[in-house]
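Working notes, structure below.
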Amino acid sequence: MAKKTYDLLFKLLLIGDSGVGKTCVLFRFSDDAFNTTFISTIGIDFKIKTVELQGKKIKLQIWDTAGQERFHTITTSYYRGAMGIMLVYDITNGKSFENISKWLRNIDEHANEDVERMLLGNKCDMDDKRVVPKGKGEQIAREHGIRFFETSAKANINIEKAFLTLAEDILRKTPVKEPNSENVDISSGGGVTGWKSKCC
């Protein structure tokens, strides 16, 4: 059996309208790269990045979902095992911000009750084209008791900070397991979070 190279596995999900920059946010964090020619995600895709927090190696499995309505049933099935969900809107697109309330409802309907949520106002490098004031993002985050960052995948603003903050928030409420605990086997099951036996 291959030696496990991490202590914990956190499944994260990026959701939001098509075109808000979810894939760019993910690639900036996972590969420190930015590409202006991404095509829309078809269905679902994921990346893995291992980070170290509080002396623990944490493998982040980050799922990038399609924002289009026609993929709705595919993507909602991925909400269940998610431990952290980033809701992304585009500060230059008012409709993408209005739809955040719809995405929040999707989380309530499909995700685990204790999932950590975070709101990201992306493309903050395009301030000259801004239509969503920062205060509006802060307000909706306050109303729902979630963290908020304005980010830019292009200019690499707050991307790493957002992911690490979300991971820290999850870590804070993750029960500490004894190192010799025998009931944990993450090596099987293709990387899904089978070890978190909260839901049935």
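Going from the start of the chain as shown, residues are counted 1 onward.
Note that Cβ sites are derived from N, Cα and C of the backbone, with glycine treated the same way.
These figures come from a predicted structure and were not determined experimentally.
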For the feature N6-acetyllysine in Swiss-Prot, which residue out of K22, K47, K102 does the record point to?
K102
What residue among K59, K129, K136 has an entry for ubiquitin cross-link in Swiss-Prot?
K136
Quick one: which of T65, T73 has phosphothreonine in Swiss-Prot?
T73
If I go by Swiss-Prot, the feature motif 'Switch 1' sits on one of 32-46, 107-121, 137-151. Which?
32-46
Swiss-Prot tags one of 64-81, 172-189 as motif 'Switch 2' - which one?
64-81
Roughly how many Å lie between the Cα atoms of M126 (GTP binding site) and K136 (ubiquitin cross-link), rounded to a whole value?
17
Fewest other Cβ atoms within 10 Å: which of the binding-site residues S18, N122 wins that one? Let me know.
S18
Given the binding-site residues C24, M126, and counting only Cβ atoms in the protein chains shown, which has the most within 10 Å of its Cβ?
C24
Return the member of S18, G21, N122, K154 nearest to K102 (ubiquitin cross-link) in space, with distance defined Cα to Cα and candidates limited to these binding-site residues.
S18
If you run the three-state DSSP split on N122 (GTP binding site), which class comes out?
strand
